[in-house]
Structures are given as C-alpha cells and as structure tokens.
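**Q** Got a structure here, written out as structure tokens. Questions coming.
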Amino acid sequence: MSSTTRILGIEGTAWAASAALYDSESDDVYIQSDAYEPDSGGIHPREAAEHMHEAIPRVVADVLEHARETADSASEPRVTDGSDRSSSRQRDSPIDAVAFSQGPGLGPCLRIVGTAARTLSQTLSVPLVGVNHMVAHLEIGRHTAEFDSPVCLNASGANAHLLAYRNGRYRVLGETMDTGVGNAIDKFTRHVGWSHPGGPKVEQAATDGEYVDLPYVVKGMDFSFSGIMSAAKQASDDGTPLEDVCFSLQENVFAMLTEVSERALSLTGSDELVLGGGVGQNARLREMLEDMCDQRGADFHAPKPRFLRDNAGMIAVLGAKMYNAGETIALEDSRVDPNYRPDQVPVTWRSAESELVVGRGDDDTEVRGAEALVDLDPTAGRVRKRRVAKTYRHPDLDDRLRRERTTLEARLTSLARRAGVPTPVLSDVDPLEATIELEYVGDADLRDGLTRERVRAVGRHLATLHEAGFVHGDPTTRNVRVSSERTYLIDFGLGYHTDHVEDYAMDLHVFDQSLVGTADDPEPLREAVQAGYREVGRERVLERLRDVEGRGRYVDE
Ligand SMILES: C[C@@H](O)[C@H](NC(=O)OP(=O)(O)OC[C@H]1O[C@@H](n2cnc3c(N)ncnc32)[C@H](O)[C@@H]1O)C(=O)O
Ligand SMILES: Nc1ncnc2c1ncn2[C@@H]1O[C@H](COP(=O)(O)OP(=O)(O)OP(=O)(O)O)[C@@H](O)[C@H]1O
Ligand SMILES: [Fe+2]
C-alpha cells in the first residue's frame, strides 16, 4: 500500500491536553501539548477538565493548521472509485480521520476530548477512530522499536501493567493491585510537601541517597505499592533523610517492575520488551530494564520521552493502524469509557503470524527461569536451582530476596507435600549460595500440556495449600509440572503464610492470568481451576476472586 494515511490524534485523559498529526508516509509525528499543573495537591478532576476545555481547542487548531500547511506535500487527496483508502479523504480535508483517547481516564476530561473529536470529524467529514489510551502507550513502543511481538511494561501515572499479545487481544499478564506507579510516587511527594508531579523530584533527590530497607511486594506478575508507600511516608516522618527514602523507593519500586517484566518474558518466551508511560521517563527504571534484558539476552526498547508521557502522537500513530484495519466508529459508538481496559480491545491491526510460540525443548539441560538458573538431570532424577544475582537490583535488596526466597522455597515445598500436594523432594539447601537441590518431577511444564483435568488438579492443590494456611505466591503454567499420573507444584519461592482470604484469592488470580496469557482457549480451563478449588476450598475465596477481578484500577485521584 503506497498511499499515505494522515491522522489527527487528540489526547486529554488526565493532565495533557494534546493534539498531533501523524503522516504514515514520512512517519512524522507533530505534537502540540499543553500541560495542566495543579496549584496544590494532586490532579483535581474538575480543574483538569476546565484545563481541557480551554486548551484542547487551541492545540487542535494548531495541529490542524499544520496539517493544512503540509497537506500539499502529502499525497494528493482524490475523490475516485473508493478502491484506495486515500481516496476516501475529502477534497478539502487535510486528514483522513480523527483519532481520540476514548479511555481510560478521568470522566470529565474524556468527555471534553470526545466532544472535540466528534465535532472535528463532522466539520471535516472524516471518520472517527476511538483509541484505548493504554494500548496506545504500548503500540507507540512497538512502532518505534519495530519489534514484532514484545512484552510491554506500561508504567504510567494511573496504571502499571504487563501486556502481551495472544489470540487477538493484549492480555494483562500482571498489574498493580492498588494504585498506578506514578500516582503512588506522587502521593508520597505530596506527603512530604512537594508539588505535582512528584516523579521527577524523587528522581532528582535519589541521586545522593543511600539504601534503607523498605517493603517489596510481588505476587507472580502482580504487585502492590500500598505497603512500600506507607513505609516510605513513615520513614520520612521518623527523620530518615529524604534522599535516602527517595533512593530506596526507586530501588524497590523499579526492581519490582523489572522483576515482573522478567517473569513475563520467561512465561511467554518473548525476547523483546518495550516500555510505555510517563514513569518510563525515569532513567533508573530504564537502566534496570536494560540491564535485566542484557542479562537474559533480550532486546529492550524505550521510546523517546515525548512518546512516553501522555501525548497525542501515540493516539495518532495507533489511530492510523486502526484506520487502515477499518476500525472506524459511528458517532453513536463514540461514548468515552473511564474504565476502558486494554484487554477489551479487539486487536485487528496485527497479523496473526506475530503470535508467540511458547514451549521448552525436550533436550534442554539448563533452563533460565525468571529468577534462577536451573540445571536439569532427568536421568539422575535431580535438579539444581541457583538464584543468580540480579545486577539490576541494589546488592542489599538482591541478597535479601535471594536468601529469603531460597529458604522459603525449601520450607514450603516440603510443607505442601506434607499437606498432600505433589511436590519435588528436597535433597539440599544452601541459603548463602541461594541454591537448592531437588527431585526432578513430571515430563513437561503444564504450559506445554494444558488439559482441563490437570488444571482442575491445580485448583485442588491451591485450595489444599490455603487450607493449610499458606499461598504458593507464583502459581503459573510454568510452575506446574505434569506427567501422565500427577500434577506437581514447584517453585514456592514467593509463597508465605497467611490467613487472609484476599491472599488466597490473589493466588488464584495469578494462576488465572497465566492461563489467559498462555492458553489458546482459556475459558474452559478457567472454569476448571475453580471447579477443582471448590472440591477442597472455600466458596468465600472464589467470591473474593470475582471481587479482585472486578476492581477498576484506572482512575485514582
Ligand atoms: C489514563 C491516563 O490519564 C494516565 N496518564 C498518566 O498517568 O500520565 P503519564 O504521562 O503516562 O504519567 C504521569 C506520571 O509519570 C510520573 N513521572 C514523570 N516523570 C517521571 C520521572 N522522571 N520519574 C518517575 N516518574 C515520573 C509523574 O509523576 C506522573 O505520576 C495513564 O496512562 O495511566
Ligand atoms: N523439580 C523440577 N523438576 C522438573 N523440572 C523442573 C523442576 N524445577 C524446575 N524445573 C524446570 O525449570 C523451569 C524453571 O524453574 P523454576 O520455575 O523453579 O525457576 P524460576 O527461575 O523460579 O522460574 P520462574 O520464576 O520463571 O517461574 C521450570 O519451569 C521447569 O521447566
Ligand atoms: Fe498515560
């Protein structure tokens, strides 16, 4: 297709009133933005909407003028037989379509963007394209990296999640269980009296800091910031120097994001990672991700800052891909959605060949997991697992995590077997070397041999652990080994003792996300886990699971 596509994009989900022109032939992205800066506190939805009301018309007018000025040099719009997409451009329109952020975001802001987009589309007689803001954060990185099938870490203000493409959708492999990563940092800076946005200030202050211990919470590929944020506020109230708190906050929060990204690469078998979102402007976060990818031989790409923070360029670029796939919407379908999730979007603009092929070779004797190097000796029936140092993590944090997890893995693997769940028998533990030796079990990972029966067994096993008062912590389709007779749970390093229903539900949620991320037809399997769980466990946990799944985490003011 030689014709050029020209899309005008509009963004205004929270703080950035932004418009952009994308020209597919030159690949040029012209962006005009006007930021809302609160006088005090965080983002006030009403004030932000007032800002949009005032600034959106201005940035749109500017970009439209640019589009008119450059229209002559773009391929001449024609009104012909309709066989060529460029022919649909109206004779007097300098663009082919208007793309706008349809959600997620603050309702009052989104509505102003929606109205502006509808008006413009009617004035110019061009179609509308409704863009999911989070998918745009992801696609801009895939576009500028020219990666085929990356895992994407979205680290923005109101969100934090890992996405990977499977079966026509971007699946959420993991996400924050409470606030977005930028909002978490901004809340801390508000507490110490710094103005919004706090991220850049924390980055600045962190340069002179020293490491102090703070909480570190990951659950499979999910994570939570509430504990570390309260601890950081407390530490500063108690007089810990702010630069030390900022430094340690960055070290822990970004190490958590890097760890879950590595786990997603390991689970999907992808060797490409892209970063998206405003927090991606942080140099320390980019450094950690780069380092992690280097260590495991994966490619990392972070778009330029102008494409990381909220901007209409990413809306226009994805708008063009969607427009070319025929994804325009009628006026009556253009309503905005403050809770629009990325996995609700049918991805029609990508070819199916870019699907990841996952699986482990039969003759591999050394496997690199997300955390460990695992030497396999099926003949001798033995496995040696070594948690290697992660150079991206602060050495104090790294030592602590590797030692704790090795000890926990040993203890909980045995405890689970005593409770009646098949697990490998342990032969040696060395916490200082972060090494354990255990029995080789199963013929394949569950990921490579998914059946309803096996998944049902996992449901029963998880319920058995929960009834015994602990969680697995990282139940994925790679942390289950299967043979013709048995289904084993392995890799208990993220497990812990707890009697909270919420923790049990999270354990199930982590497994559920891994099914959605790795199975071709996850629905019957998702039902099978719950059926298995119901045989042994409590209904309350399943009820809580539905609650966890239903939580909207997008807008947090
Ligand atoms: C729904 C949408 O409105 C929302 N947008 C959003 O959060 O804006 P974004 O531009 O992606 O990210 C802003 C966040 O990015 C943080 N930030 C900016 N520069 C930073 C830096 N150098 N280090 C850490 N955080 C930084 C800010 O503190 C703020 O919390 C989202 O994408 O979640
Ligand atoms: N006891 C075992 N018997 C057979 N295979 C095993 C055993 N332990 C590990 N493996 C294999 O090695 C892979 C990685 O092991 P493990 O999950 O323990 O490492 P990890 O680094 O914690 O991985 P991740 O965090 O990605 O789950 C497993 O998916 C499995 O294929
Ligand atoms: Fe954003």
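Heads up, residue numbers simply count up from 1 along the chain you see.
Each Cβ is built from the backbone N, Cα and C atoms, and glycine gets one as well.
TrEMBL entries are annotated by machine, without manual review.
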**Q** Name the one residue among D294, D299, D310 that TrEMBL lists for the same Fe cation site as H133, H137.
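**A** So the Fe cation site in TrEMBL includes H133, H137 plus, from the candidates D294, D299, D310, D310.
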**Q** Among D178, D186, D222, D271, find me the residue TrEMBL lists at the same L-threonylcarbamoyladenylate site as N154, A155, S156, G157, A158, G199, E203, N282.
**A** D186
**Q** DSSP three-state call for N282 (L-threonylcarbamoyladenylate binding site): helix, strand or coil?
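**A** The residue in question, N282 (L-threonylcarbamoyladenylate binding site), is coil (DSSP, three-state).
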**Q** Among the binding-site residues N154, S156, point out the residue whose Cβ has the most other Cβ atoms within 10 Å, with all shown protein chains included in the count.
**A** N154
**Q** Provide the three-state secondary structure of V374 (ATP binding site) computed with DSSP.
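**A** DSSP assigns V374 (ATP binding site) to strand.
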**Q** Give the residue counts of the domain 'Aminoglycoside phosphotransferase' (446-540) per reduced DSSP state, in the order helix, strand, coil.
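**A** Going by DSSP assignments, the domain 'Aminoglycoside phosphotransferase' (446-540) contains 54 helix, 10 strand, 31 coil.
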**Q** What's the CA-CA gap between N282 (L-threonylcarbamoyladenylate binding site) and D474 (active site, proton acceptor) in angstrom, rounded?
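**A** Here the two Cα atoms lie 28 Å apart.
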**Q** Just to be sure I understand the contacts, which binding-site residues have a Cβ under 6 angstroms from any atom of ligand 3? Candidates are S156, D310, E366, R368, A370, V374.
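**A** Among S156, D310, E366, R368, A370, V374, near ligand 3: S156, D310.
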**Q** Rank the binding-site residues A158, A372 by how many other Cβ atoms lie within 10 Å of each Cβ and give me the one with the fewest.
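**A** Comparing Cβ neighbour counts within 10 Å for the binding-site residues A158, A372 gives A372.
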